[in-house]
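Features as listed in TrEMBL:
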{"type": "DISULFID", "residues": "C75-C84", "note": "disulfide bond"}
{"type": "DISULFID", "residues": "C87-C101", "note": "disulfide bond"}
{"type": "DOMAIN", "residues": "50-103", "note": "domain 'Laminin EGF-like'"}
Amino acid sequence: KTRRPPMEIKYSGIKQRKESNWHLASVSLDRCAPGYYGNPLLIGSTCKKCDCSGNSDPNLIFEDCDEVTGQCRNCLRNTTGFKCERCAPGYYGDARRAKNCAACTCGGGPCDSITGECLEEGFESPTGTDCPTIRNDMPVVPPGCDKCIWDLTDDLRLAALSIEESKSGLLSVSSGAAAHRHLNEINSTIYLLKTKLSERENQYVLRKIQINNAENTMKSLQSDVEELAER
């Protein structure tokens, strides 16, 4: 079977080649389809599949996440997190692999979020951005730790990973004619500014020389005046 050549898709003045574009939602190709996230208008960016650790609504044919950030909506099975990757407060277990988050059996008291081991009331735990600890590659949120802080640090960590992915894509992308034209315009502007700066520097040097010459002339005249006065 003869393979079809890659389609050439144009949007927002930028031309890109794609083998498959079925995960782009609108006719104008300006957003990702349900079940995917990203910014197709950004050079080098692609629509990535939502990853909710398998804890999104099973009745949907795709995992439900924000179409730009990728943050999962409506985490099920007693899970929470940017990608529904950990058990919610008051539950313990493995949210990613075993998907067995169960309620703590500590009479309403706190328990270890991984093992379910009951913890003492008033348990002293770290605070601040270093509050969460890692055990068996899974985050452990001790009692007393501000969940909002942990959610924020987790979101920042995932955002940093997303930025690195976008950076790699931008470094490897082959820019189109529009991008080349824009770069040429920038280079021309830089050259023009450098030329004008050089002219200003030359004018400054010339004026400085003229000022020095004028000062020397004034000193010479003053010396002549003093000599005449002495006579």
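Quick reminder: no glycine exception, Cβ is built from N, Cα and C everywhere.
By neighbour count, meaning other C-beta atoms within 10 Å, the densest spot among the disulfide-bonded residues C75, C84, C101 is C84. According to DSSP, C87 (disulfide bond) is assigned to a strand segment. DSSP assignment over the domain 'Laminin EGF-like' (50-103) gives 0 helix, 10 strand, 44 coil. Spacing of C101 (disulfide bond) relative to C75 (disulfide bond) is 12 Å (Cα to Cα, whole number).
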